[in-house]
Amino acid sequence: METIVFSLLNGVIYGLLLFMLSSGLTLIFSMMGVLNFAHASFYMLGAYFAYTISEASSFWVALIFAPILVGLVGALVEKYGLRTVHVNGHVAELLFTFGLAYLIDEVVKIIWGRNAVDYKVPELLDFPLFELFGAQYPAYRIFTLFVALAMLAGLWFILNRTRAGLIIQAALSHPHMVGHLGHNVPRIFMTVFGVGCALAGLAGVIGGNYLVTDPAMGVQMGPIVFVVVVVGGLGSLMGAFLAAMILGLLQTFAVAIDARFADIFGWLGLDATSELGSITIASLAPMIPFLMLVLVLMIRPRGLLGDREL
Amino acid sequence: MSNIATDTMISLSPSGSQKFMQRTVPLIIFAVILAVIPVFGPSRTMYSLLNAMGVNIVFAMSYNMLLGRAGLLSFGHAVYFGLGGYAAVHAMGAIEAASYGDGGFWAGYPVFFLPFIGFAGGALAGAVIGWPSCRRAGTPFAMISLGVAELISAAGFMFGSIFGGEEGISGDRMNGPEMFGLSLGPINEVYWFIAFWTFIGVLGIYAFTRTPLGKMSEATRDNPERAEFVGYDPQKVRYLVFIFAGGFAGLAGGMSAVNYEIFTPEALSLAPSGMVLLMAYIGGIRYFAGPILGAILLTYMQSMMSDYSEAWLLYLGLLFIVIVMFAPGGLAGIFGGLFRGLRGDNPAASLRQWAVQITGIVLMMISLVTLIEMSVNWSNNYGEVFEPFGMHLPHDGVLTWAVIFIPFVAGVGILRKALKNKEGQA
Amino acid sequence: MRLLSSAALAAVMSVTALSGASADTLKIAFIDPLSGPFGPTGQDGLNEWEYAAEQINAKGGINGNQVEVTGYDNKVNPKESLVQLQKALDNGVRYIAQGNGSSVASALIDAITKHNKRNPGEEVLFLNYAAVDPSFTNDRCNFWHFRFDADSDMKMEAITDWVKGQEDIKKVYIIGQDYSFGKAVAAAAEKNLTEKRPDIEIVGNELHPLGKVKDFTPYVQKIISSGADAMITGNWGADMVLLIKAAIDSGFDGKILTYYGGSRGAATAMGQAAVGQVMAIVEHNTNLEMSDAHAAYVDGYEAKYSESNYYYQRIDNAMHMLAMAAEKADSIDPVDVAFALEGMTYEGPTGTLTMRADNHQVLQPMFMSTFSDNVARGVDNGPFGWVADDAARIEAEDTRTETTCQMTRPSK
């Protein structure tokens, strides 16, 4: 029972963090076709900006301004980098962001040093909220949950209830048609890219102190973001949300399972002392996303809720 | 079927002498270069660099069979390099065991031909993994390759009996029958082994591009629907190309196994896959010789540039971005353009244009290198200061910022003007 | 840059050298990461080697020969290390120092053995200061390899010696990274605990993939619900920091016994909450009782490299033992020095060190250090540091493990 409750809670929170991280990429990818390799680097930038701002003033200021700064950086990258490469096609764009990820990592190391920085949870939220079966639950995690839900609600509202959102929605599914209708597509692209990066930055502000803020945090999160976007499906925020949740829950539940391969495939004659037989499901948990990525692309290339194939 | 058109049609296919000049001569030159290098008496460092370059040349060329020729962007090509290399290093172990034991097949197998085993291993891995991966091109292919690479590299650390755990599997190349009188002990003898297989690898990949399959891979890259219309299944074409690319990557893995006598699981991971992508792209994926240039340059940078600057990764990233943004043809494209300009109608003008552009680029480089080196020294906080040519450039010096800003502004100005002139002419 | 500055340093040194008797330099090649994610760790090691060389040069060097340490960046890649080894050989280096990554150490041991066999008269000696795979001094032991750090089995021996004295530890959870080192740590922990404290229940033994876990909370929840009152982990890098952070956030209140808690940058990431709870098995910490000379040595280092903390006492030890061996052999030829190093004892700052002749493994006192906020010398420029009381000292002899080594020695 307690395993289920905990796994549920942790899975949901981890899933929400993943969603915050990848929602921006879903927007960017659906609209511009750019699978931004540097997306997780913007997440890292968010955490570092938040660290610097919260050193100077407070966490709450950082919560608002760090994502905006990251968004500005993203918009600049789109305007002066991606747009130049755009004419050479999607592969060139992807490679550009691939190189950009290298660059951001190195620059972060130069500016903030190569060790972890002391980016702390704000004191206001630094207490155990409640205790469940002997383990404490930090208040900050629940705060994370609310920020993610607020973000989801905000995004939903903007996309479905405002004019700008409707144009973006249209551009998500029919980018060319929107251009034909006379909208300034390059500017929409720049805005969407900036907003997408800002969302990653917000995830960084929240995730940087919940996890660790160091120059490797971008690289670590990099591939898993793609998994969420691809599994969720092109053009669907709901899909990304669903995928992030499934990934979060699957991973946390798998950790709780101690079964070995030998216990499951024992009837095939697999020995518990053999190399294959002694592998536990729990030890495979972090690999599940990549297994899902490969399987989804093979079986259902449009993802869970995608409206078109990649 | 005789009509007038045939009589007046100009043959577009190259003449015999053109074929010889364009296809055979470069290969002969390549072989001669490989054969002549030892005459200069390279040092041990030079030899080990050359050997690493040989391995990377074949690896990068095999990668370009996918990216350049078939238009398939892979983030996991090192998987085939690694699996081929592991096959070879296990075979090397078998040769050692057999020559001290009761003989058998492996006792008679020369280490010199281990790259064959690598090729087989890589091709087999390509055949197994390629089947699900090659169903689609473009982004799905790239994403599957990424997922597969993550899965295989995680498995590399989990299955100790195959991959040897963190420390990998090592072997001894001085076993089994000798070929061509090479004991393969000293590094200069290994050079001949590497040179031989580098040539075979390049020749093999070149030969592949001349086959109908090689041509079809380019056709499916450019227009899959049309290729399908003509009666070729793009999926099958991609799959076959994938197997061959895996095989040649495995060949490079086999060369690497003999050269280093060790194979570790990190060889399967995302890092070398990213590196080979950089090599091929920086060299120029649209040119056959591009990846060779890229492999040579990046191998050199990796092993030697770190002596001069710890920020070499930053320079590498910058180089890559600059190539992606401004020179999609890569180094080969740049050299090719230079060469065409010199042979064109107005070599003096193009030479002048190049001189101007190079001046601009050099000025910007001075500024960037100063900025980066100064920042790295400042960031390390060891009290070291960037001191090129006896100049003292601390982070708070006026001179430092002058050296950063003035060449930058000048460089940008020159390049912009050059660009405008070019557009004006065109 | 690095080459330039160390060359300049060497030039200055050779002018000011006290003894003009011998013009030779004893060159040590430091083959470790100097760029990329592990760059900072490698750079710390290089700093300490250079500092140790500088200090010994100021006293006239080794046998009157100046010591020169040069960094070679291997990017923790075994193959790249072999290229760097060739570079070092071209520069006339006869001593190699390396520590980060057993994969690299393993590749270097193989390559050096082959080199020494194939090039008699140009032998090279390998001074291993941090690669802890026990096999290097057991079944794969080698005459050319000397280890100045305790191997992972010896460290577990020391950890469990300490656990033996802790009556209130009843249930232990073992968690580690899923690769050879993590597995070795888990096996050693299980074996040692059942021998020394049969009453302790091992309530969990878990492996997770290397460097892939982002949120350790589910693992920690499992640990807490198992009722463990101590956790043993061989994790390093982000895997360690994230695990400790998650454990503390979730209110795990037992001891966390680590191998690498003292590594660079971990203190900042762990923060106040980890104080008193996280422990690390090390051969030294900067808050031990120190002689004036040693305190001056440590402070001199930390003053010179303000961004880095004194961590590798074993580098200082290695340099001194190298000097003693060279003096004893009256030679700086690696073969003579290697023979002299066998069985050598050295009165180090923490006690007596012995280089075992049978497997080339050093025996040194170990300390089960505790993370503390009440320290004279902090780490990472912060208020935290590491302390160890007398009860936390494990004598050198107690860390001795049986060896399966059958050393083959060259003829003298």
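Note that Cβ sites are derived from N, Cα and C of the backbone, with glycine treated the same way.
Remember, TrEMBL labels are computer predictions, not curated facts.
As recorded in TrEMBL:
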TRANSMEM  B:20-40  transmembrane segment
TRANSMEM  B:46-66  transmembrane segment
TRANSMEM  B:78-100  transmembrane segment
TRANSMEM  B:106-129  transmembrane segment
TRANSMEM  B:141-164  transmembrane segment
TRANSMEM  B:190-208  transmembrane segment
TRANSMEM  B:239-258  transmembrane segment
TRANSMEM  B:278-300  transmembrane segment
TRANSMEM  B:312-334  transmembrane segment
TRANSMEM  B:354-376  transmembrane segment
TRANSMEM  B:397-415  transmembrane segment
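Tertiary proximity for the transmembrane segment (B:46-66) is limited to same-chain residues at least six positions away from its ends with a CB under 8 Å from its CB atoms, namely 37, 72-74, 77, 80-81, 187-188, 190-191, 194-195, 197-198, 201-202, 205, 208-209, 217, 241-242, 244-249, 251-253, 255-256, 259, 276-277, 279-280, 283, 285, 290-292, 294-296, 298-300, 303-304. Counted over residue pairs separated by six or more positions, the transmembrane segment (B:190-208) shares fewer than 3 Cβ pairs under 8 angstroms with the transmembrane segment (B:354-376), which leaves the two as not touching. Of the two recorded stretches, the transmembrane segment (B:239-258) lies close to the transmembrane segment (B:78-100), with three or more CB pairs under 8 Å once pairs fewer than 6 apart in sequence are set aside. Within the same chain, the transmembrane segment (B:106-129) packs against the transmembrane segment (B:78-100): three or more Cβ pairs sit under 8 Å, each pair at least 6 residues apart. Outside the transmembrane segment (B:354-376) by six or more residues, the chain places 309-311, 314-315, 318, 338, 341, 386, 388, 393-395, 400, 403-408, 410-415, 417-418 with a CB less than 8 A from a CB of the stretch. Here the transmembrane segment (B:78-100) has long-range neighbours at 59, 62, 106-107, 109, 111, 114-115, 117-122, 124-126, 129, 148-149, 152-153, 156, 162-163, 169-173, 175-176, 245-247, 249-254, 256-258, 261-263, 265, 267-273, 276, meaning same-chain residues at least 6 beyond its ends whose C-beta is under 8 angstroms from one of its own.
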